[in-house]
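Trainee: A single structure is presented below for examination.
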Amino acid sequence: MAGTTLGFIGAGQMARALAHGFVSAKLLDASSLTAADPVPAAAEKLASELPGLKVAASNVAIASSCDVVVLAVKPQAMSAVYQELGGKLAGKLVVSIAAGISLAKLCEGLKTQRVVRVMPNTPALVGKGASAYALAAGATAEDGALVGKLLAAVGTAHQVDEKLLDAVTGLSGSGPAYVYLIIEALSDGGVKAGLPRNLSTALAAQTVLGAAEMVLARGEHPGVLKDAVASPGGTTIAGLATLEDRGVRGALIAAVDAATKRSAELGK
Ligand SMILES: NC(=O)C1=CN([C@@H]2O[C@H](COP(=O)(O)OP(=O)(O)OC[C@H]3O[C@@H](n4cnc5c(N)ncnc54)[C@H](O)[C@@H]3O)[C@@H](O)[C@H]2O)C=CC1
Ligand SMILES: O=C(O)[C@@H]1CCC=N1
C-alpha cells in the first residue's frame, strides 16, 4: 500500500478505530493519513494520537489530495457531504462506512460510481474487527481488493451482496456493544457472587474471548462446544436453564433484528 494516501471525512469513533488499526498493522504510515472534521478537536485528537497524520482544513481538501476518501460521518450528515463533495471525487476511490446508506444513494449524491460500501466495527482498533463490504458498478476489482486488504489488516473482511449489509450492521457493526453489555453483566454477576470488580471483569472478558476463539479456531458448532461445558446435574446447566428461562437467546435474536431494521430505516 506504499504511496496510497487515505483521508477520513469525519474523525469520530470509527475513523479513529480504522486509523489506529491501519497504522498498527503497518499497512499505512500515519503520514499517509489525513482527517477533516467540523469539530477541530476531533481531528486534532487523532493527529496527536498518531503523529504524522495530517489535519485537513476542509472535506474538499481531502477530496483533492487523497487517493482513497473514507466517509466516516453519521448517516444523518451524509446529505451535507453530498453538497460539499458531489462531483468533486473524479478519479478517487470512495469508501462509505455509514450504516444504512445504499450504494445507489451514495453514487447519486456523490456523482461518482467508484464507491465501496463497508460495514466495519470498532474492534478494528485492536486488529480484531469484523467487516463486510459491497462494490458499486464503477468500483473495479482492484478497488475491491484494496478495500479488502485494508479491512483484512484490521480483522476479517467479507465481500457480500449489498442486500446483506443491513443485517451485517445489525450483527457485527452494532454487535460489540451487545458483547460489552454481556461482559458488564457477567462481571456484575461475579461481583454479586463475591468477586472483586477487577478480577470479575477480567474473567468475564477473557471468557468471551476464549469462547469466541474456540468457535473460530475449531470450526465447531457453538451448541457442541456449549454441551462440552455442561456436566449432567452440574453448575453450567443450572446457569443455562436460567438464561433460557429469562429469554436471553430470543432477546439477542430480537436485538440483531431490531438493529438490522434500523439500518434499513436510516437509509430511507
Ligand atoms: N461507531 C461504530 O461502532 C460504527 C460506526 N459506523 C458508522 O460510522 C459512521 C461514523 O460513526 P461514528 O464514528 O460512531 O460517529 P462519531 O459521531 O463518533 O463521528 C462522526 C464524526 O463526523 C463529524 N462530522 C459531522 N458532520 C461532518 C461533515 N459534514 N464533514 C466531516 N465530518 C463531519 C463529527 O463531528 C464527528 O466527529 C456512521 O455512519 C456509523 O453508521 C459503522 C460501523 C461501526
Ligand atoms: O449505532 C450505529 O448506528 C452505528 C452503526 C453500527 C455501529 N454503530
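Here the Cβ of each residue, glycine as well, is placed from N, Cα and C on the backbone.
The NADP(+) binding site annotation in TrEMBL covers Ile9, Gly10, Ala11, Gly12, Gln13, Met14, Ala72, Val73, Lys74, Pro75. Under the heading NADPH binding site, TrEMBL lists Asn59. Summarising the annotation, TrEMBL assigns domain 'Pyrroline-5-carboxylate reductase catalytic N-terminal' to 6-100. The feature domain 'Pyrroline-5-carboxylate reductase dimerisation' is assigned by TrEMBL to 162-266.
How buried are these features, and what lies next to them?
Mentor: For Lys74 (NADP(+) binding site), the Cβ neighbour count at a 10 Å cut-off comes to 12, with all displayed protein chains included.
Classification of Asn59 (NADPH binding site) by DSSP places it within a helix. If you take the C-beta of Asn59 (NADPH binding site) and look for same-chain residues 6 or more apart in sequence within under 8 angstroms, you find Ile9, Ala36, Val81, Glu84, Leu85.
Assigned with DSSP, the residues of the domain 'Pyrroline-5-carboxylate reductase catalytic N-terminal' (6-100) fall into helix, strand and coil as follows: 43 helix, 18 strand, 34 coil.
Residue counts for the domain 'Pyrroline-5-carboxylate reductase dimerisation' (162-266) under DSSP, split into helix (H, G, I), strand (E, B) and coil, are 90 helix, 0 strand, 15 coil.
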Trainee: Within 10 Å of the Cβ of Ala72 (NADP(+) binding site), how many other Cβ atoms are there?
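Mentor: Here the count is 26.
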Trainee: Widest Cα span across the NADP(+) binders Ile9, Gly10, Ala11, Gly12, Gln13, Met14, Ala72, Val73, Lys74, Pro75, in Å?
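Mentor: If we measure all Cα pairs in Ile9, Gly10, Ala11, Gly12, Gln13, Met14, Ala72, Val73, Lys74, Pro75, the largest is 14 Å.
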Trainee: Looking at the domain 'Pyrroline-5-carboxylate reductase catalytic N-terminal' (6-100) alone, can you tell me the average pLDDT?
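Mentor: The average pLDDT of the model in the domain 'Pyrroline-5-carboxylate reductase catalytic N-terminal' (6-100) works out to 97.
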